[in-house]
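Below: the structure, in structure tokens.
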Amino acid sequence: MDLTVTNLACARGGVTVLERVSFRLSRGAALILRGPNGIGKTTLLRTVAGLQPAVAGEISMPPEAVAYAAHADGLKATLTVAENLAFWAAIYGTDRAARAIERMNLAALADRQAQNLSAGQKRRLGLARLLVTGRPLWVLDEPTVSLDAASVALFGDVVRTHLAEGGAALMATHIDLGLAEAEVLDLAPYRAETPAGTEPADDPFAGVTA
């Protein structure tokens, strides 16, 4: 299933920040959002993922087809790496936990509690959830935060495999994942006109990636 976004408008803090956004993302393709901080990259990603309503426009893909990864890893601290992935696999109704451990190079950490992982290891575990979901569209908001160069390269390989298997990826990232096939969408032309005195309120997502 392709993702088609048509005349989408998104709001942050009750104020529209993007409008008339339209694009199509096909199976096997990746699209990287670009724009200055505060333009609304995170807001757009959250809207496509179904985490907040659109102000206007249409999104063709239902939230049930989307796997979303942002800054919070969503780990259960007292569960081991393997138990966290088994928990997510049960939620999503898949049997992909073992594959996720292998693909994200977590085998040596499988029996370690999440609370005892380094920041980079926690990030790899959080991203491993994408593999567990079995969902075709990955929506990624700065997915490489806390990852070292080797882990960035590893995750780039994981994304390429996802695309080769017919998945798609929509992301905001300042790090090169080595996705030569990825297209770029500059959000500057879609910035909404903001009346004086109605600037969007600060939110926990805007400071780093929006």
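Here the Cβ of each residue, glycine as well, is placed from N, Cα and C on the backbone.
Here is what Swiss-Prot records for this protein:
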- 3-209: domain 'ABC transporter' (DOMAIN)
- GLY35, PRO36, ASN37, GLY38, ILE39, GLY40, LYS41, THR42: ATP binding site (BINDING)
Statement: binding-site residues considered: ASN37, GLY38; fewest surrounding Cβ atoms within 10 Å belongs to ASN37
Statement: Excluding its own, the Cβ atoms lying within 10 Å of the Cβ of LYS41 (ATP binding site) add up to 29
Task: Please report the number of other Cβ atoms within 10 Å of the Cβ of THR42 (ATP binding site).
output: 26
- prompt: Looking at the binding-site residues ILE39, GLY40, which one has the fewest other Cβ atoms within 10 Å of its own Cβ?
  reply: ILE39
- prompt: Which of the three DSSP-derived classes (helix, strand, coil) applies to PRO36 (ATP binding site)?
  reply: coil
